Amino acid sequence: MLTPTMASIVFLAYGLLSLIFSRFLKDKISNERLFLVAWSLAPHLVGLIYSPSVLITLLVLMSLCINLFIVYKGRFRIIYSGVTFLFMAVIIQIFINPLTGL
């Protein structure tokens, strides 16, 4: 059985919270792009702190670059849906953890 790492738990929580926050805050945010940059940075920074291996660190950094590019291009719906965060949680948990032996 796979034991969840803190990095995958953080991304799972942000993926689920993105759906909730998109419902409540979408029309009330004055600077939507800056909010999404901060929302994208937070789980990646926490994931970097709790990453137990170099593979997870590299994966988190690549995901951060992809998320910031998505925000830069104005595809806010992708971030609001939480798909990128949930995808990262699954990738870390299923593929990276067995490789690192954690």
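Each residue, glycine too, has its Cβ placed from N, Cα and C.
Automatic prediction, not curation, is the source of TrEMBL annotations.
Marked as transmembrane segment by TrEMBL: 6-25 (among others).
Residues 5-7, 10-11, 33, 36-37, 78-79, 84, 88, 91-92, 96, 99-100, 102 of the same chain sit 6 or more residues outside the transmembrane segment (45-72) yet have a Cβ under 8 Å from a Cβ within it. Per TrEMBL, the feature transmembrane segment maps to 45-72 (among others).
For the transmembrane segment (78-96), the list of distant contacts is 2, 4-5, 7-9, 11-12, 14-19, 21-22, 26, 36, 39-40, 43, 47, 53, 55-56, 59-60, 63, 66-67, 70-71: same-chain residues at least six beyond its ends, Cβ to Cβ under 8 Å. For 78-96 (among others), the entry in TrEMBL reads transmembrane segment.
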